[in-house]
Amino acid sequence: MADVNRGNRPLSPFMIGPYYRPQMTSISSIMVRITGIASLGSVFLVICWFLAAATSESAFNCFNDLYGSWIGNIVMLAAAWAIWYHMLGRVRHVIWDFGYCLDVETSEKMGWGMFIGATVLTVLTALVFLIF
Amino acid sequence: MNYLTDRKRATGLGAGHTGAAHHWLTIATSISLAILVPLFIFTFGYAVGHSYEEVLAFYSNPCIAIITALCLVGGIIHLKTEVDEAVEDYIGGIKRKLTLIAVAGFCYALMATGLFALLKLAIQ
């Protein structure tokens, strides 16, 4: 009688908190989803800049100055970290999907690799634009 | 002789009747991200902060314009699979259907707007 409970079943995040102890593998995977959704917000900001540039010089200057300000730079660095992290996390999922590195120890190492890798890539990105 | 394979018999029987299509799209676009993300970060990051004339000249370069168009479209297709998956996990019933339609509308609006703006910059 599985259908008795139709429509009143718990949806996905019900385990987190009371029953589920956060782990390296799960948190790094949840972060892939969060950074993915956040990156769609970043894309929205990017498209605003493009649309302003296509509209007029004054509209472009408004957005360009905002994105070039220190608040804009902090938001862009955060957005860069998020998309770097998402890219690395998605590579980990592809490796898993192809059947490799499925043991816990390697998965945890790859999880640390995502956090550290995204941070290193963000710092490198910032350095590249500071130098050039 | 029976020519039907096991795969043929299984096709269309998943809960969503689309088999592994969504999962495959996520895998394929995930691999494309490894190329598109670095290209986009370094081209867009270079353009932001430059003057109007410099930005116009930069995006008039066919290579830069094509790379940016690919990044916008490919990136949004990937992020749409990401958001769709989250909506299907956390929202149920009629709200799920309406949210999926809203997400699709938002993503395609971003794509169309981005391509229009880019095209105008490129040929201006």
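Backbone N, Cα and C define each Cβ position, glycine as well.
In TrEMBL this protein carries:
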type	residues	note
BINDING	A:HIS86	heme binding site
TRANSMEM	A:30-54	transmembrane segment
TRANSMEM	A:66-87	transmembrane segment
TRANSMEM	A:112-131	transmembrane segment
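In three-state terms derived from DSSP, A:HIS86 (heme binding site) belongs to a helical segment.
For A:HIS86 (heme binding site), the same-chain residues that are 6 or more apart in sequence and have a Cβ closer than 8 Å to its Cβ are A:VAL32, A:THR35, A:GLY36, A:SER39.
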